[in-house]
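Going by TrEMBL, these are the annotated features:
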SIGNAL    1-23  signal peptide
DOMAIN    86-182  domain 'SRCR'
DISULFID  CYS152-CYS162  disulfide bond
DOMAIN    197-292  domain 'SRCR'
DISULFID  CYS260-CYS270  disulfide bond
DOMAIN    299-391  domain 'SRCR'
DISULFID  CYS381-CYS391  disulfide bond
Amino acid sequence: MIFQNLLASTSALLVALVQLGSMDVMGSSKGIKVLPVDLSPSIVYVEKDGIKGFIYPEDWDDNDARVMCKQLGYKSGVALGPWDLVRLQPNATFGAIQVWDRDNYRLVCAEGFDDLAAQAVCRSLGFTYGKSICCSAFGRMEYSIVYSNINCTGIESSILECDYVKYFANCTSEHYASVACSNNPENEEFELKIHQSGKVTTRHFDNSGFICANDFDDTEATVICKEMGYKGGSAYFHSRHTKYSTVPLLGVPWLANIACEGTEKYLGKCGKINWGSVGTCDENRLPAVYCYNKTGFSLALVNGADKDNGLVVFTVDDKEGAICLRDSVTEERQKLAAIVCKQLGYRNGGLLLNGTDAENEFTARKLFPGKSDMFITKIKCKGNESSLAECTFRILEGRYDFPEDWISITLDGCQNSSCYRARSYNRGYAFLNELSCWAGKRRLVVKCFL
């Protein structure tokens, strides 16, 4: 066994599971004291010459645990571990800081937690540099905030070497601290990417991430698209409530409230590029952009009996699209019709066709023939919005050009032929539903009221 200083740089401890109650004794051997165990399971701490430490996890097994527990006066013990003393969730290089304490993990308060403290955390995990990510950046955590008033000087190799308050946490914000770690020092460099789905992602400090939806609008979209060589861009939002928008897949919430003016040629020139300082990131929406070279997003009613009703179409550059009602029910469609009419300057609105789905599709295809180049679909609105920009939706362009996360039904995890057959059938049916929009079906037709 290797005795290691408790304050030394490490993220792993060993745990011996004792089978009897706690005892007020300390075992001792050759000047090394084994400190009392008062919980089960518990980390094994030792003391030599007044220095507290723990046992390094290499080769620790049940035989060692039994000897250790007998030395403490117990009947026997079982080895558990190695156990992470300090860890990050949800990823090994970024996440909420979780510190093992007695019988569970605890969180660190975000108030006053800075880059020096982040560096101490990352050093204990084997990295050279750290960056504070504020605040409660990775969603809800099951653990309580116990550590607060963290004060590090920059020389510490573990957050436990810093000054802190424990159990009497002064954390009025109730936000926990998070970090991103790297072996390269932070600089102003970053990578920007627009995915096929329109989603915008960034990579900074060796960690991939995203931009929060907070105050993200057409000005930010325009700057991002200009950086990619386009004339301008329109902003819209994806829903974060999909299995492809979970925290581990999204990465670090790097930016929020960027405050672009729209005249900048690069995102880095916008007013508030504060990496990792995102405040409270929007948990429901994820920014996306549609880039253009001629004209941006516009909405209109066409082919109606008068100017106040018709097929809802949108145009970008020379392309025309419609709104596909593939997933919605009648109540949701009525809400959507009202939102579209409000965006067009009307007081309210509703569906023009109120028959059965089959009747509506037949009438719509007769009154509004033709096909569209693209579609807005997967729309989710609350009903109180005044424009589509306040909802979440996806833009689908190209008949068979589905983004990687479009069809939620996959063959992953299938272990037998019956599973493959069932999933393949359901996946094929989902594709047919998507393609129905291109056949001229399920398009939004509205009547608006002044």
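Heads up, the Cβ atoms here are built off N, Cα and C, so glycines get one too.
Reported as a whole number, the C-alpha separation between CYS162 (disulfide bond) and CYS391 (disulfide bond) equals 45 Å. Listed in sequence order, GLU332, LYS335, LEU336, ILE339, LEU388, GLU390, CYS391 are the same-chain residues at least 6 apart in sequence whose CB falls under 8 Å from the CB of CYS381 (disulfide bond).
Note on CYS260 (disulfide bond): other Cβ atoms within 10 Å of its Cβ, all shown chains, come to 22. Under a cutoff of 8 A between CB atoms, and with a sequence separation of 6+ in the same chain, the neighbours of CYS152 (disulfide bond) are ASP114, LEU116, ALA117, GLN119, ALA120, ILE159, GLU161, CYS162, ASP163. Each residue of the domain 'SRCR' (197-292) gets a DSSP state, and the totals for helix, strand and coil are 20 helix, 32 strand, 44 coil.
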